[in-house]
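Marked as active site, proton donor by TrEMBL: Lys222. Positions annotated as NADP(+) binding site by TrEMBL: Gly8, Val9, Gly10, Leu11, Val12, Gly13. Residues or ranges marked as NADPH binding site by TrEMBL: Thr91, Lys115. What TrEMBL records for Glu207 is L-homoserine binding site. Positions annotated as domain 'Aspartate/homoserine dehydrogenase NAD-binding' by TrEMBL: 8-142. Annotated domain 'Homoserine dehydrogenase catalytic' per TrEMBL: 150-350, in sequence order.
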Amino acid sequence: MVNIGIIGVGLVGSELISQLSAHISQNETSTFKIIALMNSTKQLLSNSSYSSLDLSSWKNDLSAKGTTSNLVSFINYLSEAPTPSIVIDNTSSQEIANSYPLFIEKGLHIVAPNKKAFSSDLKLYKEIREKATEKKRFIYHESTVGAGLPVLSTLTDLIRTKDKIIKIEGIFSGTLSYIFNEFSRLDGEKKKFSEIVKIAKENGYTEPDPRDDLNGLDVARKVVILSRLVGKDLSLDTLPVENIVPEPLRTLDSATEFMASLTEYDEYFEKLNTTANNNQQVLRYIGVIDPIGDKSEVKLVSLPSSHPFTALKGSDNIIAFTTERFPSPLIIQGAGAGAAVTAFGIFSDLFKISDRTLF
């Protein structure tokens with residue numbers, strides 16, 4: 001059996017528990033066992049025999065029986081289990097990401113949709129990789145890029161089979177995909193940029209403060225993650241990122257002020273869109289990984305209507321791998337955000353580790 005400890009049981013964590021619970025109940029030979037849960041205030045650990053927690057009542061049990069969250073005791077408990085243990089980090093916490101070397105030192109495998117460990121400090125990233133190799137522990141983070149889309153696994157397969165990566169380009173943000181798919185088109189009703197951002201916020205597509213999407217940092221993290229897998233020592237502070245938040249709005253105190261002021265820049269965005277449309281092009285916000293020319297970047301671009309990135313619908317992601325074997329790009333497209341698909345990406349990583357540790 002593989003023991004599982006989950007840090008972060010919000011939207012994605014709850015969906016993951018639901019998927020795991022369904023799998024376990026439908027498969028007598030399931031190798032997974034959830035023995036520990038933690039949120040920002042409480043943790044729930046199984047007993048000394050490491051039996052599975054009751055997944056039918058975990059929310060109430062965590063609330064009623066949980067003790068104060070303590071990362072050290074949580075990790076120690078998992079590390080002392082008699083069979084392999086995996087810790088899943090569903091948070092966006094830099095503090096927890098900084099603890100990955102400790103997790104590995106304690107003998108734990110890691111699955112994480114948390115982008116911080118793989119896109120922040122390069123020294124931390126290298127320490128995690130080196131320690132994982134030294135301790136023969138597995139780390140998977142498929143869902144850090146494209147949620148459940150097989151982006152990292154495809155790139156890993158291309159690299160392991162010695163294909164030459166020429167360029168990776170993509171629309172990596174479901175939020176910015178939706179905004180520009182709605183705003184910049186050659187047919188249909190034209191809408192104001194601020195109206196579309198407002199609708200995106202109301203529908204839950206954006207962060208509570210949409211500037212956290214429009215500044216490009218989320219896309220930048222994904223570009224850094226892919227670049228490092230390709231073997232480039234890219235960091236957020238060296239990657240050119242186009243922040244499309246109008247400069248006077250970047251320092252406003254609240255999201256409410258930002259949304260109220262964004263209407264003042266509708267004409268600016270409309271001019272960009274009109275210029276593109278007049279050339280039979282549309283605006284798209286993309287990330288580029290260029291390992292050969294060392295020109296990776298994140299930017300708003302105009303693309304011809306024939307380009308595959310212009311046919312996206314809704315909040316889909318699309319990633320194109322141009323390689324020596326695939327001069328006509330290998331394209332992955334689909335839902336790149338949402339609890340169900342993110343949990344699926346985490347779940348698939350669990351299988352990869354269990355297959356390698358038990359068989």
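Each residue, glycine too, has its Cβ placed from N, Cα and C.
Since we're looking at a predicted model, the values are computed, not measured.
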Could you round the CA separation between Lys222 (active site, proton donor) and Val9 (NADP(+) binding site) to a whole angstrom and send it over? 23
For the domain 'Aspartate/homoserine dehydrogenase NAD-binding' (8-142), how many residues does DSSP put in helix, in strand and in coil? 63 helix, 23 strand, 49 coil
Would you report the average pLDDT that the model assigns to the domain 'Homoserine dehydrogenase catalytic' (150-350)? 96
Integer Å distance between the CA atoms belonging to Lys115 (NADPH binding site) and Leu11 (NADP(+) binding site): 17
One of the binding-site residues Gly8, Gly10, Val12, Gly13, Glu207 has its Cα closest to the Cα of Thr91 (NADPH binding site), namely Gly8
When you measure from the Cβ of Val9 (NADP(+) binding site), which residues in the chain that are at least 6 apart have a Cβ under 8 Å away? Ile17, Leu37, Met38, Asn39, Trp58, Lys59, Leu62, Asn90
Looking only at Leu11, Val12, the binding-site residues on record, which one has the least crowded Cβ, with the fewest other Cβ atoms within 10 Å? Leu11
Show, in sequence order, which residues other than Gly8, Val9, Gly10, Leu11, Val12, Gly13 on the same chain lie with their Cβ within 8 Å of the centre of the Cβ atoms of the NADP(+) site. Ile6, Ser14, Glu15, Leu16, Asn39, Asn90, Ala339
Binding-site residues listed as Gly8, Gly10, Gly13, least Cβ neighbours within 10 Å: Gly10
